[in-house]
């Protein structure tokens, strides 16, 4: 029998990605302060938040394995959060126009026999974007709940010149290649 598995997230994107692995799981909202600590770099922030999310939910479910994940977009070492408004989304996309943005996607698996962690780096080269390009994109797909202000699994891919990654699912929010490795380490049986 497989151990109980919980996704420490209410993100529909992460839930859909985890569903690809055909494992039974439930979801729980982690109660974690997601503010960066003074001087905390984007990769460290993603790693810390993924671990804290998994640990927060695992504390209430000691018999389960809990998956925590977090993603931080990084433009020149500065973390870009979820825009939350059209004005911020326009500003983010304008700042990223023609540039490389790094996405640090961390995953943690915490459970009865310890914890395992992984960090993925995906680099996205955005094409040069005009204000009209940005306005058309945001009118068609207002990605206000996504780091970087776009959805790569949707129309956002049209904003790219290139993508460099070892795991295409990482950019959506849950690096499945790394996660399957962690799950096998924890004793889950996957093909």
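Cβ coordinates are placed from backbone N, Cα and C, and glycine is handled just like the others.
Per TrEMBL, the features are:
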| type | residues | note |
| --- | --- | --- |
| SITE | 13 | site 'Important for substrate specificity' |
| ACT_SITE | 70 | active site, proton acceptor |
| SITE | 71 | site 'Important for substrate specificity' |
| SITE | 153 | site 'Important for substrate specificity' |
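TrEMBL feature annotations superimposed on the structure.
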residue: 13; record: site 'Important for substrate specificity'; DSSP class: helix
residue: 70; record: active site, proton acceptor; DSSP class: strand
residue: 153; record: site 'Important for substrate specificity'; DSSP class: coil
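Put simply, 13 is the one of the recorded positions 13, 70, 71 whose Cα lies nearest to the Cα of residue 153 (site 'Important for substrate specificity').
Cβ-based neighbour count (10 Å, all protein chains) for residue 71 (site 'Important for substrate specificity') stands at 29. Of the listed recorded positions 70, 153, the Cβ environment within 10 Å is emptiest of other Cβ atoms at 153. All chains included, 17 other C-beta atoms sit within 10 angstroms of the C-beta of residue 13 (site 'Important for substrate specificity').
The residue listed as 'active site, proton acceptor' sits 12 Å from residue 13 (site 'Important for substrate specificity'), taking the Cα positions as reference.
When the alpha carbons of residue 13 (site 'Important for substrate specificity') and residue 71 (site 'Important for substrate specificity') are compared, the span between them is 12 angstrom.
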